[in-house]
Amino acid sequence: MKQLRLEPVVQVRGEINIPGSKSISNRALLLATLAQGTTTLTNLLDSDDIRHMLASLKQLGVNYRLSQNNTVCELDGLGGVISSESAQELFLGNAGTAMRPLCAALTLGQGEFTLTCEPRMEERPIGDLVDALRQLGANVVYLKNDGFPPLTINATGLSGGDVEIAGDLSSQFLTALLMVAPLAKGSVNIHVKGELVSKPYIDITLALMAQFGVTVINHDYARFEIVAGQRYVSPGKVLVEGDASSASYFLAAGAIKGGEVKVTGVGRLSIQGDVKFADVLEKMGAEIEWGDDYIIARGSQLTAVDLDMNHIPDAAMTIATAALFAKGTTVIRNIYNWRIKETDRLAAMATELRKVGAEVEEGNDYIKITPPAVINTAEIDTYNDHRMAMCFSMLAFADCGITINDPDCTSKTFPDYFKQFASLQG
């Protein structure tokens with residue numbers, strides 16, 4: 001197994017341009033596919049999850065042209081639903097942002113589509129989405145365990161009507177349903193059961209749908225109306241914002257060991273909820289400066305916080321490791337959906353924080369972290385989870401440094417993360 005040793009870092013300073021958002025990249029690729037016209041996507045993320053989406057679209061007959069560095073994609077829309085005369089089998093790795101939306105989109109047309117994946121994705125639920133699609137007439141068959149991929153879709157289109165979907169596990173299910181609803185045969189009324197998690201991710205979806213010419217009536221996130229007869233039309237160009245979750249590591253670095261760190265590609269105009277991570281750092285004592293498309297973090301003595309972080313689930317992971325450098329006990333609440341991500345992130349985070357000496361209480365949907373008097377060095381397991389690797393790079397700011405196992409797992413969203421991280425040191 002490959003390991004990366006991060007030696008102690010005294011101070012960080014510099015500027016990082018953040019790669020494109022995974023959430024926006026895969027949503028925009030799918031909407032561009034369903035749209036009429038050609039769409040040019042710029043600052044597209046070049047990572048495993050996006051490659052799985054692109055490979056699947058190509059297999060489904062979608063024509064696109066990628067720039068040499070894979071960050072500009074010119075895609076010819078189908079002007080409607082995806083259909084195939086021959087049976088198709090698509091491999092989607094561990095990419096939830098490809099598996100869930102494609103599962104929904106492939107029910108719209110005609111054909112037989114089988115979606116396969118890595119073993120971890122087979123443990124990540126999709127049942128709430130499939131239940132909703134079945135209410136609209138979809139024929140979806142599970143190939144192994146009920147409620148989980150792999151699965152086969154025998155597509156004949158979706159009817160309109162009323163549909164219920166659970167909102168308390170993952171916002172990706174609702175996102176997938178929203179994106180396909182305009183192409184159903186009739187108007188769709190979506191009723192959300194339970195408290196909707198990760199609402200800002202739904203805002204990303206609605207903003208992109210609007211950019212492609214579709215109107216959704218949002219009744220306070222409890223009900224969504226999508227009137228029949230709409231279609232997606234390419235806006236011509238789509239700029240993919242920098243990934244706000246990826247920005248969190250550099251902002252935390254500035255807060256812990258600044259110096260001053262500036263991230264560009266996200267700012268106050270961002271449509272991503274994870275930019276609010278900077279507000280949490282500010283509550284902890286960091287100095288934060290906002291621009292339209294940049295954020296600056298300057299270091300200070302950090303103090304613990306006790307907050308509901310359901311609105312920033314991915315970026316909240318960075319608070320867990322930043323908490324090791326804060327005075328007092330930090331509590332991150334309402335994060336049950338950490339458990340159904342690339343790994344069970346609550347269990348993984350608790351295990352690895354204890355390795356470096358932290359006192360940790362792992363609840364069903366919260367984590368409580370008290371830093372040790374002296375942080376221990378350790379070998380950090382990353383569970384094939386990109387965010388575990390990037391979060392624990394913060395331990396380079398301890399006097400003993402840290403070793404990261406399987407650092408290349410960052411290829412899921414940020415292949416050259418550790419190179420960029422090293423560029424801030426000095």
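Placed from the backbone N, Cα and C atoms, the Cβ positions cover glycine too.
Swiss-Prot annotations:
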ACT_SITE  Asp314  active site, proton acceptor
BINDING   Lys22, Gly96, Arg124, Gln172, Arg345, Arg387, Lys412  phosphoenolpyruvate binding site
BINDING   Lys22, Ser23, Arg27, Ser170, Ser171, Gln172, Ser198, Asp314, Asn337, Lys341  3-phosphoshikimate binding site
Problem set entry | Other CB atoms, at most 10 A from the CB of Arg345 (phosphoenolpyruvate binding site) | 25
Seminar exercise, completed: Of Ser198, Asp314, Asn337, the recorded positions lying within 10 angstroms (C-alpha) of Gln172 (phosphoenolpyruvate binding site) are Ser198
Problem set entry | Residue from Arg27, Ser171, Ser198, Asp314, Asn337 whose C-alpha is spatially nearest that of Arg387 (phosphoenolpyruvate binding site), among the recorded positions | Asp314
Exercise. binding-site residues Ser171, Ser198, Asn337: which have a Cα within 10 Å of Arg345 (phosphoenolpyruvate binding site)?
Worked result: Asn337
For this session: Could you work out which of the binding-site residues (Ser171, Gln172, Ser198, Asn337) has its C-beta surrounded by the smallest number of other C-beta atoms within 10 A?
Result: Asn337
Exercise. Relative to the Cα of Lys22 (phosphoenolpyruvate binding site), which of the recorded positions Ser171, Ser198, Asp314, Asn337 has the closest Cα?
Worked result: Asp314
Problem set entry | Among Gly96, Arg124, Asp314, Lys412, which are recorded as recorded positions, the nearest neighbour of Ser198 (3-phosphoshikimate binding site) by Cα | Asp314
Exercise. Using Cα coordinates, what distance in whole Å links Lys412 (phosphoenolpyruvate binding site) and Arg27 (3-phosphoshikimate binding site)?
Worked result: 16
